[in-house]
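*Asks:* I'd like to ask some things about the structure below.
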Amino acid sequence: MDKLADLNYTLSVITSMNDTLHSIIEDPGMAYFPYIASVLTVLFTLHKASIPTMKIALKASKCSYKVIKYCVVTIINTLLKLAGYKEQVTTKDEIEQQMDRIVKEMRRQLEMIDKLTTREIEQIELLKRIHDNLITRPVNVIDMSMEFNQKNIKTLDEWESRKNPYEPSEVTASM
């Protein structure tokens, strides 16, 4: 464990990796060498960082699988961020939590839609009743003979003088 965290050991491993790469690739004009060296350096650093972390985590915790899974997911997400990706790796637990949250939100929205639909149906029924009350219905022909002022009307034949008493007659007035 001490050897894993020792800086001199780490530097000697990096130096030996670089020497090995230089011996494998003897062409000095190799264009991809810096990229290969960078990737190998990152992988080596992750290896050096993850092994002690995993060992400490396994000794310190009772639930080793979850800790290892969390460490691996964190390392992969860090690599993805370093590479410039916006996506992230998630564990099943996180996915299940998100799914539960989404299902709860969908249930809440369905209840809201149900309440709103019920209210809208009630409003439509109320508007229908109001409309039915406001509609003018055709009325049958009213018998005007039953009105008060026309009950005792006499016809021209029924009058004694055969003259309408309500017609204006000639009036002479003095000046």
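Any Cβ shown, glycine's included, is placed from N, Cα and C.
Positions annotated as Ca(2+) binding site by Swiss-Prot: E120, Q123. Per Swiss-Prot, N-linked glycosylation site is recorded for N8, N18. For 1-28, the entry in Swiss-Prot reads topological domain 'Lumenal', with the evidence type sequence analysis. What Swiss-Prot lists as transmembrane segment is 29-51, and the listing cites sequence analysis.
I'd like to know what surrounds each of these features in this structure.
*Replies:* In the three-state DSSP classification, E120 (Ca(2+) binding site) falls within a helix. Taking Cβ-Cβ distances under 8 Å and a sequence separation of 6 or more, E120 (Ca(2+) binding site) has no neighbours in its chain.
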*Asks:* Does Q123 (Ca(2+) binding site) have same-chain partners at least 6 apart in sequence with Cβ under 8 Å from its own Cβ, and which are they?
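*Replies:* Long-range Cβ contacts: none.
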